[in-house]
Amino acid sequence: MIGMGPSSRASFPSDSSPVAPPTVDVPSLMDPYPASLPPLHILSVTTHRNGYFTSLVYSSTLLGADLRVFGWGQKWHGFGSKMMAMVAFSRSRDPGEIVMIVDGFDTVLLQPKEAIARKFLEFGNRIVVTGEATMHRWGFFKHLFRLYHDCIFRASGDNKWPKPLPYASPNLRLTLVNAGAFIGFAGDIVRLFQNIDCDTNDQKFLGDLYRADPYKDVVIDHNCAIFALYRRDLKFLSFEEAEKHARHVVPYFEEGSPSKKYPPAPAVMRTALRGAVLDARTNEAPCVLHIHCRRNADWLMKLLGLPCGEDVTDFRSYVWYAFFSLKGTIGADRQVARVWGTVLFTTIVTCISIFGLGVVLLGWCARQAASHNLPAWLSENGVQPILNFLLQLYMLSKWSHVFTPLAKGDWAASQDDPFGQQPWPLPHITANDGGEVIPKAQGGDASVLVNSGLLLGHLVLAAVAELGVFILRVVSWVVEVAIRLRWVFLGGAIVGITILTGMTLIVVGLNVDGENDDGSGQATKDSNSLKKKVRDGSPRTHQRHFVRERQMHQTARVDQHL
């Protein structure tokens, strides 16, 4: 989630038009939006051009999406500015019209408005938000990520994250809310988004609504039918291949199904882009891609034929993102700041303590090696031979150009005097040799060549040796201090790990994926009802059971009957 926005509530009166950013003068190649569908409006609150905003403008133009931008050129005040703009715009529209808002710096459109609207209508009268998962190959970091996440977005500790609905793919467990993009009817947005100000955290607000009464007013897009977070395992396919592999599963709810029936949503639609993007785990073709956490997706933009991101990997962009993210999450709630600060401080103390214990272990190993005279043995049999070998190579490289072939007379003289009774003449030294000639001493036979490069090599080796000695002294001092503080490090590590483990069990629980989470009564009810209907053997339930089996094995197309 990234921040962009207006300056105040007064910036978005209901009777005003959004500020138009620079657009792309390219005619839309898409068919007109069907009149049988409710109007769809796509909004974005963006203060300036950065990240993938240009890609968003290009994609919206190519797909005929008519992107409306608020807050252009204004100052950013908080994440609540997005929801304020959405509410103000929704008040000026018919309650049955559809309104979608996307982040401007890290979002691109992949499918046209028709696909977005048709898939959204299958969710009933619910606000659909982007789903997020706690994916990490190491369970420790997976639990730690959930701890930090829940300390911000579930600081009160009540109403755990619900389990995914039965129709959701088992390969992609999206249990968390991400406010990078969400969609809903204008009437529902005005009804639910009350008492919003600039300091309101949109992601926390949506998460609280979702957990308070799961799947009633807010639902996660479990299969990435509309929204998908950027991952490296996304598949880019040509439209021909995408039409063969794309699958779309209709969301199923025990209660609150759509009152009006619409034609089934297509799995994928051909667009003016160069191809389609499929989720590798569900084979859904998402309509909106959210590239969260300042990730670099330039490779995908090139394949789609869209501009690459601007300053995506710039250090200042990361600092900007971190500052406004922390300000908009921790700074907006004292309880969140207190809990999150406790976890952060405990994590820092634990990491320093574990690092200190590692230094203590290193010092103990060094002392054991010194007691067995290991450094002297390594210096004599390892370091010194290597240095001598390098010095010989350096001397050969510097002196090889001095020796010249012997003339014919010199060779004959050497044969007459094989034992070197006659002195060999030294070659003539020029300025290009890089050496200095010491004049012949009184009574001497020849001049002596002193190579300045050789002297420089000795000086460099001596400087490196002195630097190594200094580094060893610093390391020795650090090791000695760590050994003296070994009990402090041990106590800090034990206390820190205990606190983090306890907070993880209290806030997150043993199962980070939410298998045993509470607050999922509707999901449990739906699951039990679905199993009962499958046992009853009605045609409608057989179809739902078939959809479930097809999704798990992904071996056949879905026969959808709405």
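Glycine is no exception: its Cβ is also placed from the backbone N, Cα and C atoms.
Just so you know, TrEMBL annotations are computer predictions that nobody has curated.
Lifted from TrEMBL, the feature list:
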- 40-134: domain 'PLOD1-3-like GT' (DOMAIN)
- 339-364: transmembrane segment (TRANSMEM)
- 376-396: transmembrane segment (TRANSMEM)
- 455-475: transmembrane segment (TRANSMEM)
- 487-510: transmembrane segment (TRANSMEM)
- 517-542: region 'Disordered' (REGION)
Exercise for the section: Examine the transmembrane segment (455-475) against the transmembrane segment (487-510) and state whether at least 3 Cβ pairs sit under 8 A, considering only residue pairs 6 or more apart. Expected result: no
Exercise for the section: Report, as numbers and ranges, which residues of the same chain sit near the transmembrane segment (339-364): CB under 8 Å and 6 or more residues beyond its ends. Expected result: 144, 147-148, 151-152, 155, 329-330, 478-480, 482-483, 485-486, 488-493, 495-497, 499-500, 503
Completion exercise
Summed over the domain 'PLOD1-3-like GT' (40-134), the DSSP helix, strand and coil counts are 31 helix, 25 strand, 39 coil
Exercise for the section: Kindly state the mean pLDDT of the domain 'PLOD1-3-like GT' (40-134) in the predicted structure. Expected result: 94
